Each structure stands twice: as structure tokens, then as C-alpha cells.
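These features come from TrEMBL:
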type     : residues : note
REPEAT   : 60-92    : repeat 'WD'
REPEAT   : 117-150  : repeat 'WD'
REPEAT   : 204-245  : repeat 'WD'
REGION   : 289-315  : region 'Disordered'
COMPBIAS : 289-301  : compositional bias 'Low complexity'
COMPBIAS : 302-314  : compositional bias 'Gly residues'
REPEAT   : 321-362  : repeat 'WD'
REPEAT   : 367-409  : repeat 'WD'
Amino acid sequence: MSASTNIDHSIEDPEEATIINPDEAEEVVEDADGDVPMDSDSDGDEPMEVNLVNDAKVYFDKHGEPIFSIAAHPTDKSIFLTGGGDDVAYVWTPDHVPNDPEEAKVIPREGKVIARLTGHKDSVSAAAFLGAAGQFAVTGGLDGKLQVYDAAQNWRMVDEAQEVQEVNWISPHPSEVAFALGANDGSVWVYSVDAGKLTIKQVLTSHTASCTAGVWTSDGKLLATVSEDGSFYAWDVDAGRSVVALTAADQRFAVEGGLYSVAVSPSGSVAVVGGATGEMRVVGMPTSQTATGARRTAGRPQAGGGGSTGGGQAGQILASLHTHTESVESLSFHPTQPLLASGGVDGKIVIYDAGRGYPVRKTLGEEGGHHEAVVKVEFVKTDGWILTSCGIDGTVRRWDVRAGTELSCWRGHLGGNAAEGEGGVLGFVQTPERITTAGDDGVALVFETVSGGGIAAPTITGAALR
């Protein structure tokens, strides 16, 4: 989870944590007045019974503060990276079976720490594995710091840098040991990691306000970014220049309140951006047959840049959509079908026909579904029609977008309220068989599916939510 959102998830500085010996963690500690924790029945009253529903198979609760970033290892699907409001990142695995046979029977069981990554002085707002083999991990924080860790050295920190005030998001390059980040000052930085050392490849500075989201094309040749100032840029990173530039100065493109989400089609020919008022714009992108000579701005050629014909549509606004009533938080293209999904603060998930000018094909959850803001939508990477979503209501859901029906709903996180900027599921990573979440409640949960179809495991009631 690396993109900034328009939900008011204010990340506050938690008080500096005190390091506690794990062997002492279960001790009951009195406060300054000699009182014991509220769950004690020392006052003679009956303890309050809370019946929680937790469909997870595994939980990971070491953060203790909201988890703002989550990444899955590219080759070892049993390894995850999370970063949180505790200023710490963890590399951890859910596939740990306790030695105690009785403990092994407990569901949900606890995930196991592989490495605790320290050094940030503020919340870890972004995290990613780098390289096709996931040989490095990188974290970015609201302290502006970048830290790189080497898997071959048991995830020891091997380099760090600080060039910005706050890191909003990190997007790993699809094939190289490199990544891009967006900062709160609007700048975009592209780094490579060579022999464990950070090297700045480009600094891109056209946005005039916070850069809220960014994504690479699937071939890694272009980087698309958006900003609170309402601008969109597609960058030729190697050349260090934009090949498409659209700003709020063009009234056809302008979205009041700025842009907060972006997605690029699998072919790289189209980008879609989503804004604060629920509006979206579909923009033509340069194709792989890049021709030199003209940079496209709002569909008009401009001298001095590398552009492409893109079927004559590069830089043009292909469609303007307004299906949401509040901010569009997430966008996802289907990997093989001409489908686009959007999720918004209004709780709606909308499916569009990307092959026919983006008319609405389905609206999911109009009866039921998420009853709070949708934070993320993502198609499952199969040839099927399955979409996964998560929201501030604390649920994770899978949908059959062809039928427009909900397949499954998993619970376990504490629900929240989008207006108050708290609670719920802030992101997830997935395979067809497993969904791993990042919770505002400080817990990561692992939900298992059946054959990737989203059939929920039996609900477990009263399971401990740590």
C-alpha cells in the first residue's frame, strides 16, 4: 500500500516506544495510581464479554500502531513486509507452525518475525521489495528517510538517504532493482540500488503540491504520477522528462481537490486518474513505439521532448467519468480482460468496459457491500473475473464482476469511520489463494480462500484479535 489517499488518515507521531523484554511482556503493570488494567476483575464486577468475528488463519500484531504499508515478496509468497505508525517495519511470515502441538491447533495462529527493521524516526509510510528475486527491501517514512535492507545479510540495513521531508509512496520497478517515490513537496525521485547502495537516477519536479500516487507501466519504461494540485505526468525516466503532461489549468482535465489515484492499463496505452470529487479522467499514453519530436500536453504537441503517436491519442483525454460522489481512492485494470474497477469514499465499487469507451458495466455492493469508504480494489491475477476490495468498515471482500455478486466477506479487523479518518483495512496484498491485510488497528491478518474463488473459511467467533 503506497499511494496517498484522500481519506483523512492523519498519521500522528506516536509517543516514543519503550523497548520491553519479550519475557516480561505478559506481566501486569500498575499505573501511577496503583490501578491495574481495565480487563482485571479485581473490582468484583463481571468482565465485559466482547464477541469478535475473526475469519483469519494468521494474525501479526507486533506493530501496535496503524499499519500504513504492506508488500509481498515477489518469489517467496510466504514473506511479507509491513511498516507502521510505530516507526518500525517488519519482515515476517505466516507460515510458521509452533513446536507445541496444542499451540499449533489454535486458529488464528501468530505470524513469526523474520526481521525487525528500525531506524525511522516517524511512521513508515511506504515499503517495498526490490528486484525480481526480492533481494532488497526499501522503506520510506514521514521522517523523509529511505532505508535499504539486504536479504543476503539477514535484512541488515545497508544504506539510507534523506532528500525530502515526507515520503508518500514507493513504487518498485517491475524488473530492475530500482524504485520511484513521491514526496509531500510534489517531487518524484527515482533510485537504483547497486551493490546495496542507493543511487539517484532522476529527480522530477513538475508537480507543485504533494505527489499522492505513482505507478510504472508494465514494461518499466514510463512512470505515471498524480498530485494534489490536479496534475498528471507520464515520465520517460531514462530521459528525465515528461512525455505527457496534464494540469488543472486545462478545464477539461481539472478535478477540484486534486488527484489521489492512478492506474495504467496492462498494454501501457491508457492511464486513468481519480480525484477528490469522485471524477476520473482517461488519458492516452505513449506506446512502446516511441517517436522523438513532440511532447504531448493536453492533447497538443509541444516541441522539445520524446513523445509517441499512441494511435494519435497520446496525451489526449479519452473519457471523463463521474460515477462516484466522493474521492476515488483506488483504480485497477484487469490483467487480461478489458475491464477497469474503481473504489471510492462513497463505498461504491464501479466496473467499466475499457474496450468500449468506459461505460459502467456493474456497480458492486449497492445492496450490502462496504458500508464505509473503499480503500483499495484489485483484480486477482488470473484469467477469471474476481476482484478483491477492502474498506474502512474493516472487511475484505471478493466479487464476481461478471455477475456483479459478492463471493465472500472476511472479518477480523476493527471497523472505523472515514469521516473521522480512523479504523478499517488500509491495504492488502494477495494471491488467488491468500489475502494479507494491513489494519488501522495495528494488526495484519491472513485470510485463506479456496482455489482463488473467494470461498470463505468457516467463521470463527470469539477468536482473539490481538
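Just so it is clear, glycine is given a Cβ too, placed from its N, Cα and C backbone atoms.
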Task: Intrachain neighbours beyond the repeat 'WD' (321-362), with Cβ under 8 angstroms and 6 or more residues off its ends - done: 3, 5-7, 257, 260-266, 270, 272-282, 369-379, 381-383, 385, 387, 389, 391, 399, 401, 404, 418
- [ ] State the residues, same chain only, that lie 6 or more residues beyond the ends of the repeat 'WD' (60-92) and have a CB under 8 A from a CB inside it; answer 'none' if no residue qualifies.
- [x] 1-2, 9, 11-12, 14, 17, 110-118, 120-129, 131-134, 137, 139, 141, 143, 149, 155, 170, 426-431, 434, 436-446, 466
Open item on the list: Suppose you look only at the repeat 'WD' (60-92); what would the mean pLDDT be?
Closed with: 97
- [ ] Run through the repeat 'WD' (367-409) and tell me, per DSSP, how many residues are helix, strand and coil.
- [x] 0 helix, 22 strand, 21 coil
